[in-house]
Amino acid sequence: MSDMASWQPSAPVANLLKRASILSTIRRFFSDRGVLEVDTPSMSQATVTDVHLVPFQTHFVGPGVAQGMMLYLMTSPEYHMKRLLAAGSGPIYQLCRSFRNEESGRYHNPEFTMLEWYRPHYDMYRLMNEVDDLLQQVLECESAETLSYQQAFIRHLDVDPLSADKTQLREVAAKLDLSNVADNEEDRDTLLQLLFAFGVEPHIGKERPVFVYHFPASQASLAQISTEDHRVAERFEVYYRGVELANGFHELTDAAEQRQRFEQDNRKRAAAGLPQQPIDEHLLAALEHGMPDSSGVALGVDRLIMLALSAERLSEVIAFSVDRA
């Protein structure tokens, strides 16, 4: 990149104008439905424990904290928004910057725009319908297909992900030429994620968005376990044209169970040689106080806009990608 060109935005100005219009459409969508827009902090003293996420860290030095207070840039506004739900906010949404210290590429930028919203008294299916409404409005696409995680595996890999053992999963991996990775992998969820990424994702959501729901209970994250089938979690993801767009939950409200999951994450981190993360005690206190039964979803806005504009890379729809920041 020449010095003369490096100052310029990564996205054409015409795309930035279209981006602004889409953001206005999103805000109007929620305003028309009586959902409150909120703003929450971009930094916190606690962070996510998820073994797959790497947060950015910084230090605050001020009165009373001369030694420095460790702060983390938020990977998602989820924890703060749940505290608002517990305080009685009602339905809320947020358009905000989120930060993840991960790869930069076609579908990734370490700083990105997140749309996250929560609906008290919605189950997972009702929220999926609302996500579908938003996608149709922004992308002018057909109504989404819905497919359970189990159905997706059986259809595309001819294996039941809820009952197959690790040997069976490795056999499927071999058919996908993934033996070099799968043969030495002992974690069942990692094997499932590998098969999903290489054996399922490339085949779904080509013509219209697809909702994949009821992920294995072991991948529940912050979602409730299904009361109808304890093998699965009330969790869904949305895919369209090769892009993962959104991740949603029927939210876990049990503080004790959530603490156990955070602690289990930290044990996994320790086993993998990763630093353990501080647990968000404020979130747990909010859950203990009582958060209404809710469903929530996080959607990648830059990816949504990329699809709406038929762009090839995120850098074509954000003003300055990390290499020009």
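A Cβ is built for glycine as well, from the same backbone N, Cα and C atoms used for every other residue.
Features reported for this protein in Swiss-Prot:
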type: BINDING; residues: Ser76, Pro77, Glu78, Tyr118, Glu251; note: substrate binding site
type: BINDING; residues: Arg100, Asn101, Glu102, Asn109, Glu244, Leu245, Gly300; note: ATP binding site
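Looking only at Cα atoms, Asn109 (ATP binding site) sits nearest to Ser76 among the binding-site residues Ser76, Glu78, Tyr118, Glu251. Annotation for the binding-site residues Asn101, Gly300: lowest Cβ count within 10 Å of the residue's own Cβ, Asn101.
Neighbour counts of Cβ atoms within 10 Å were compared for the binding-site residues Glu78, Glu102, Glu251, and the top value is held by Glu251. Our reading of the substrate binding annotation (Ser76, Pro77, Glu78, Tyr118, Glu251) yields a largest Cα to Cα distance of 15 angstrom. Taking the Cα atom of each, Asn101 (ATP binding site) and Ser76 (substrate binding site) are about 13 angstrom apart. Arg100 (ATP binding site) sits 9 Å from Ser76 (substrate binding site), taking the Cα positions as reference. Here ATP is bound by Arg100, Asn101, Glu102, Asn109, Glu244, Leu245, Gly300 per the record. The longest Cα to Cα distance in that group is 19 Å. Taking the Cβ of Pro77 (substrate binding site) as centre and 10 Å as the limit, one finds 26 other Cβ atoms among all the protein chains shown. One way to see the shell of the substrate site is to take the Cβ centroid of Ser76, Pro77, Glu78, Tyr118, Glu251; the remaining same-chain residues with a Cβ within 8 Å of it are Tyr79, His80, Met81, Lys82, Glu116, Leu222, Gly296, Ala298. On the backbone, the CA of Leu245 (ATP binding site) and the CA of Tyr118 (substrate binding site) stand 17 Å apart. DSSP assigns Glu78 (substrate binding site) to a helix in the three-state reduction.
Taking CA atoms as the reference points, Tyr118 (substrate binding site) and Glu102 (ATP binding site) are 26 Å apart.
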